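Note sheet for the following structure.
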Amino acid sequence: MASAAEAVEELTRLYRELPPRPAVEEVEAAEAVLASADAEEAARLDEVAREEASASASSSAAAPGRADGELLAVLREARRNAVRLRALQQRKEAAYVVELERRFKVFDDLIQRASRVVSSSSDAAEAGGGTTGDGYVGVGADSVDLEMELRKKEAAVAAAAAVAEMERGSKGLAALGLESKPISSLRRDVSAGTDMEKLSLIQVASLIESSAKKGITELSLRGKLVDQIEWLPVSLGKLQDVTELDLSENRIMALPSTIGSLRYLTKLDLHSNQLINLPDAFGELSNLIDLDLHANQLKSLPSSFGNLTSLANLDLSSNMLKALPDCLGKLANLRRLIVETNELEELPYTIGSCTSLVELRLDFNQLKALPEAIGKLEKLEILTLHYNRIKGLPTTVGSLSRLRELDVSFNEVEVIPENICFATSLVKLNLSRNFADLRALPKSIGNLEMLEELDISSNQIRVLPDSFRCLSRLRVFHADETPLEFPPREVVKLGAQAVVKYMNDLNAARGTNQKKTDRGSFWTWLFSLFGCCKKNQEVGLPV
């Protein structure tokens, strides 16, 4: 039977041999990871079940053969097994931390029990002056020495643990360029390799815990997550003091509903991920001003999206959106809306309620028309519709009194409404590449006196309207692959101002009842333009 001193010595040795104890933040992070892994596993299994039900319904009409049926059953089980294995892998590191902390708590209890035993033995020895019934030495100094020895060793262990934690905390994740420095015994050694510089799920959760306790206001994880992280931990909602959050350039597929707790968030960057949808709680981010969701896989927006009433800048480009929700009209403070490279077939009529819009980019979609309500966007300055299927513009486009740039190139536009000439602030107008459809410009195009750039390339326009002469500010004019006959191609090649001067001179000539300009008079005009007119006979030109 070991003596009390030997028992204390053995207990102390065992305690010293334990691995480093995880910090509180690490334990909380591990618990958050386990909760997230459970939620992700359940969601993925539900998705597999829905896919199976859909496939079963579609194949019910044509019953598969026995071999095919067995293969499908094997495939379904393989999918479910893959989901469970993925969840197991995600839980592995977190489960170790949680179990490690549980074992440390057991040791804490054992240490306390040992301390109580020694203390009670010491008290009994002092009172009785002899040997206790438990066999411990009862007289005087021996039991006191044992208690002092135990306490001394406990203090030594605690000091060693504190030093270890300080050493770990001094390194943290600073080498990764992150603002917060959580104490983490699970930190990977940062090497020159790109993969080794990224964070595992539990490291992300630990960083969130530490950042939340420090009350940080800005956090960037741009490109910092390992590729295996597709779901963020539910503890993300603890970052309640954060105003700017950058999660871009990762492989995130889903956000936890707890993101709605980030009530002070004003800027959120999620571009270049794999987001399929947004949680309903997303609409609770009522202070959000800047939101970047471009380059994801979004197919729809939640109905709560209209609650983001502070939103000023929204980038939804390069997704898979086929429609925008009607609630978009509630975003009265929205100034910049980018929805390029989606699958939009129409805009909601409520777009007209976004009266603060200054910039609207809809390039590379499947739009066939614009709603008349577009004319209510009185502050709109930029409207781009490049590469859609639009056949005509609404007459209300003339109400866009502040419009400076309009691009309807690569469409199927047949007629440009005369009303567009009331948009007298236009500086840049691109009507190119409507190919066989567009045959004429508005007769009143000369009203656009601020126009500096005009592109009518690859259309079927043959004649410019007389009012073209009023475009005195025009400095760029493109008409490539457009069969212009009037003015002649030679004039167009000389540039925008040459065309304007030609139209002016022609109008003046008509005003003095001169005959219609023919080929000979064109050459006379051309040489007068350069101040080098000579007699036709001297240069051999036709008369």
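Including glycine, each Cβ sits where the backbone N, Cα and C put it.
Feature annotation (Swiss-Prot): of 95-102, 327-334, 495-502, the stretch labelled motif 'GVYW' is 495-502. Here the repeat 'LRR 4' (309-331) has Cβ contacts under 8 Å with residues 266, 271, 286-301, 303, 337-354, 356, 361 of the same chain, all six or more residues outside its ends. Same-chain residues lying 6+ beyond the ends of the repeat 'LRR 5' (332-354) with a Cβ under 8 Å from its Cβ atoms: 294, 309-326, 360-371, 373-377, 384. Look at the motif 'GVYW' (495-502): DSSP puts its residues at 7 helix, 0 strand, 1 coil. With a cut-off of 8 Å between Cβ atoms, the residues of this chain six or more beyond the motif 'GVYW' (495-502) that come close are 454, 464, 468-469, 471-472, 474-477, 487, 525, 529. Annotation: stretch 285-307 has the most Cβ pairs under 8 Å to the repeat 'LRR 1' (239-262), among 285-307, 356-377, 402-424, 426-448.
If you look at the repeat 'LRR 7' (378-400), the same-chain residues 6 or more away from its ends with a CB under 8 A from one of its CBs are 340, 355-372, 406-417, 419-423, 425, 430, 437.
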